[in-house]
């Protein structure tokens, strides 16, 4: 008699539901490819536009209607956006998953794999009796921050006060108060409630997956495992694990691959790559200061100026005088194939907002960072990069200023400190690769044991 898993792949079927923000979407869909390559069939529940042609032919796709006010989605109120999306998603997701289980049987689905930002999805899956795996697309330290957030408010660390910005936070080393997770464009209480719901949902999960390296967050991962009593898995660097995954949400600006040809003409390690990711924004005067800082550094650069980078403007023409100053030395693109840029031998530094995906990609390619965090977890990421791992320099100041931009670039490219940073980053690159079994010496009859191996075993045990 045929098994109820017939047609579901040798290892069973996983329902994957990515969160519809680019920085969240890509890691989840990339890990889904890794699971698929290891014998698991994939059904993608999705709330945003994606093209099935970008994925393996045997993927299934199930739309889930999620609605929100376009004005809200265009805002920077992250807490309200995520809260609204979860509220809208709950009933449609339950209906879709229930229909799938009714049509194919409970045993047809091993588990639901989703983003912890979909706290409603984690909760609904558990309620329906399906094991749920949550992926943290930020650092493990960020989930530790979620868990401590109410305490931080009760002890007066938050909201951040000017006179306390430089104070250490003993509850969350190595942070200073100014490094604490926050979204200044959202209400603090609403943000705290969102994080509390996320932690509650994570506690009910059958496992938590982190796009991080055991090398850099071993203690934090152990702390989370102990506090939540949930298995934890560190699967970074996903860009090395599944290097060919290129699909993304529709609406993201097409990458300009011409910058790779320009990089081919530059000296090894000479170019600064500048990007603030898919969501971070800056005021017009900061854009001007950054432009002049890059010009004054005399450093070759590739700068990503996406359409919504500058608040109030749809495009970002270089300020008067800058274009002439940097002609032949720097190029500006609307979007870049970041992983390929960071892997290019001409790139010797990355001026970044320290979004977690960008931080992980920089480490995996051994590219030192100039850190310029903008919101959320990026401040804490910067503290680890600069003060704990010592693989980057901090761009000092709350507002971008051309002199500080130039100084931070000069520290990375023209000092003994910069050379030491580059040497440490080479070590991190090697260690990151070994974390997923690349460059590991093993017996010829064995495969290197990794957290991904353990994760697949867990899924197949459900």
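Backbone N, Cα and C define each Cβ position, glycine as well.
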Matching residue for the UDP-alpha-D-glucose site, where Swiss-Prot names 336, 338, 353, 356, 357, 358, 361, 377, 378 - out of 137, 151, 185: 137
Pairwise C-alpha maximum, in angstrom, for the residues (137, 336, 338, 353, 356, 357, 358, 361, 377, 378) that bind UDP-alpha-D-glucose according to the record: 23
Spatially closest candidate among 24, 115, 376, the listed recorded positions, to residue 358 (UDP-alpha-D-glucose binding site) (Cα to Cα): 24
Candidate with the highest Cβ count within 10 Å, taken from the binding-site residues 137, 338, 358: 137
Conformational class of residue 137 (UDP-alpha-D-glucose binding site) under the three-state DSSP mapping: coil
Subset of recorded positions (24, 137, 356) lying within 10 A of residue 115 (active site, charge relay), CA to CA, in sequence order: 24, 137
